[in-house]
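J.: The structure under discussion is supplied below as structure tokens; questions concerning it will follow.
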Amino acid sequence: MSRTIIAIIPAAGVGSRMNADRPKQYLTVLGKTILEHTLRIMIDHPRISRIIVAVGKDDPYVSALSVLTHKKIQLVEGGETRAASVLNALEAISEENAWALVHDAARPCLTETDLNKLLEINDEHGAILAIPVTDTIKRSDELGDILTTEDRSQLWQAQTPQFFRADLLKHALDNGLKQHCVITDEASAMELAGFRPHLIEGRRDNIKVTRPEDLALAEFYLTRKI
Ligand code: C5P
């Protein structure tokens, strides 16, 4: 049976590190919000059937985005954490053999080539886009001084999208949250459940807009994509 691919976009964060007057996904780059750029990638991809966007409970910005009336898109309420937001979105999936493609609202520079590489994965461990660590990594002590230098040879920086069978991911997130585990991405919930997700090497320009200086970078990369 062929699988149904459903994109989940957690967009219920406040983006406090951005120091802006609104959550970062609603900041404008090249005349469109970051969320609109991100959604366009998913809307245009022929293998993605639906897109579920988790937004904050009293989000005053979302209703202004006309793209959200697109027939592929459904809104759900976000949760306290990213993991809870993704779980709420997973609850809205009833299709047989559904796979969830979870992608940060704040990663608008994803390329179709990277997305297609990930969509080739079809085993129960699932997979994520990631990049090998190239900087030297230091571990600090509680004062912020260097305690030690890590061996970076097997270290990867996780990105999104992250791609899993929807039923397995739902189970893993549900269990992880019940056990009060710290879950900062979907793969970590799957790891806790005993899976070994594949690392698919992605591009360095798939940045997560997090700090003010990232906006100019996102604009530059998006200009080159057009
Ligand atoms: O804060 P961070 O950049 O790690 O957030 C990653 C993604 O998770 C963002 O797209 C953010 O909007 C989303 N998020 C969410 N619900 C939360 C917290 C974050 O959907 N409670």
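Glycine is treated like the rest: Cβ placed from N, Cα and C.
TrEMBL entries are annotated by machine, without manual review.
According to TrEMBL, the record shows the following:
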SITE      R17  site 'Transition state stabilizer'
SITE      K24  site 'Transition state stabilizer'
SITE      R152  site 'Positions MEP for the nucleophilic attack'
SITE      K208  site 'Positions MEP for the nucleophilic attack'
J.: Tell me the Cα distance separating K24 (site 'Transition state stabilizer') from R17 (site 'Transition state stabilizer'), rounded to the nearest angstrom.
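T.: With distance taken Cα to Cα, K24 (site 'Transition state stabilizer') is 9 Å from R17 (site 'Transition state stabilizer').
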J.: Measure from the CA atom of K208 (site 'Positions MEP for the nucleophilic attack') to the CA atom of K24 (site 'Transition state stabilizer') and give the result in Å, rounded to a whole number.
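T.: A Cα-Cα distance of 10 Å.
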J.: Can you count the other CB atoms that lie within 10 A of the CB of R17 (site 'Transition state stabilizer')?
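T.: The answer is 12 other Cβ atoms.
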J.: Which residues does K208 (site 'Positions MEP for the nucleophilic attack') neighbour through Cβ under 8 Å, counting only same-chain ones at least six apart?
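T.: In sequence order, the residues whose Cβ lies under 8 Å from that of K208 (site 'Positions MEP for the nucleophilic attack') (at least 6 apart) are D104, A106, R107, Q159, T160, D214.
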J.: List nothing but the one residue from K24, R152 whose Cβ has the fewest other Cβ atoms within 10 Å; the candidates are the recorded sites.
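T.: Sparsest of the recorded sites K24, R152 by Cβ contacts within 10 Å: R152.
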J.: Secondary structure at R152 (site 'Positions MEP for the nucleophilic attack') (DSSP, helix/strand/coil)?
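T.: It is helical.
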